[in-house]
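Below: the structure, in structure tokens.
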Amino acid sequence: MDSNGVVSWPRMPENMDAFALSPEQSQEVHVLAVDDSLVDRKVIERLLKVLACKVTAVDSGLRALQLLGLLDEQKMASETFVGLKVDLIITDYCMPGMTGYELLKKIKESSTFKETPVVIMSSENVLPRIDRCLEEGAEDFIVKPVKLSDVKRLKDYMTTKEVRGESQDREGNNYKRKLLDTSDVSPSSPPSISSSTLPSSPSVIDSPIRRLKMTSTD
Amino acid sequence: MDGIVELQRQLIDYTASLFHEGFLDEQFNQLQQLEDENNPGFVVEVVTLFFEDADRLLNELTKALGQPSVDFKSLDAHVHQLKGSSSSIGAHRIHRVCISFRNSCEEQNVEGCLKNLQQVKHEYSLVKDRLETLFRMEQQILNAGGSVRR
């Protein structure tokens with residue numbers, strides 16, 4: 001769709017610094033962002049940069065896998081990717097070709113990146129979809145449009161490997177199930193939703209959250 | 001100095017009116033907050049990308065609805081994209097029309113889709129005009145040596 005900051009096969013990205021594990025760079029958090037929408041890529045890139053992250057933004061799951069060295073053809077030459085440093089992968093769910101869910105599965109199936117936190121973004125807050133992603137090992141699920149408060153919340157995951165603690169509880173209790181409503185939610189929402197006053201007070205909830213907007217969805 | 005202050009006041013009023021009339025929503029505020037002296041053109045850049053994207057998608061939608069047999073799945077995919085990008089920049093009214101548009105696609109209602117397409121085109125031209133005016137006003141202030149960010 002576009003060639004903005006996107007790797008073209010089979011060339012590797014011009015700026016491989018983000019992937020190097022040199023001393024100066026190992027402290028900087030590197031995020032791989034995947035979204036087929038150019039507008040959304042620009043926004044997520046800026047959001048992450050505001051939080052001092054290094055960002056590589058690609059336009060498809062295929063390109064993401066290519067960068068991570070997870071395409072079948074590349075797996076044999078995996079020594080090329082020793083030292084590849086990605087601290088967080090954030091991906092859109094609805095993409096042509098490979099969905100974010102399919103990408104998530106491939107990442108979690110890999111030996112090299114299965115511990116890397118993956119966050120899914122979607123404009124649609126479909127509960128079964130969210131559950132499916134979380135069950136597959138997604139760290140969090142963000143409903144678009146993505147805001148600074150969403151990305152700030154992800155800072156918990158944005159630590160370099162050495163600093164990051166144990167992997168999350170797969171039972172799913174550390175949760176992700178807490179929902180933050182906006183003020184115009186109808187009272188007939190499901191019991192698992194707890195309402196809050198304003199979305200602009202992120203300090204109210206400090207564990208990973210999936211924010212469901214009850215308005216402006218189709 | 002007074003000139004700049006007056007321009008800034010006009011900009012504030014104009015921006016407020018765009019929110020009041022529903023052209024823009026909170027997400028646009030978000031984008032403005034992401035701008036700083038190191039990245040002064042961020043909002044203009046993203047909005048410009050949106051305009052290009054929207055132009056392309058509206059073309060696709062027009063073509064798709066002009067076919068003898070309408071491919072609703074493809075139509076819906078394009079509306080979905082437009083819905084997403086308009087939401088990401090805070091183009092509230094376009095976003096809302098896209099929601100109706102997707103419903104028409106789901107119902108495979110050609111008449112409904114045609115109506116929605118007209119609405120989207122209309123809303124797009126309105127918000128484009130408004131935003132271009134906004135950016136012009138900002139540029140005027142910047143040219144006069146004033147600042148536009150909170």
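From the backbone N, Cα and C atoms, a Cβ is placed for every residue, glycine too.
Feature annotations, reproduced from TrEMBL:
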DOMAIN    A:30-159  domain 'Response regulatory'
MOD_RES   A:D92  4-aspartylphosphate
COMPBIAS  A:162-181  compositional bias 'Basic and acidic residues'
REGION    A:162-218  region 'Disordered'
COMPBIAS  A:182-207  compositional bias 'Low complexity'
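A:D92 (4-aspartylphosphate) falls within a strand segment according to DSSP.
Long-range Cβ proximity for the residue listed as '4-aspartylphosphate', meaning a same-chain Cβ under 8 A and a gap of 6 or more residues, is found for A:V34, A:D35, A:D36, A:S37, A:D40, A:G100, A:I120, A:M121, A:S122. Taking the domain 'Response regulatory' (A:30-159) as a whole, pLDDT averages 90 in the prediction.
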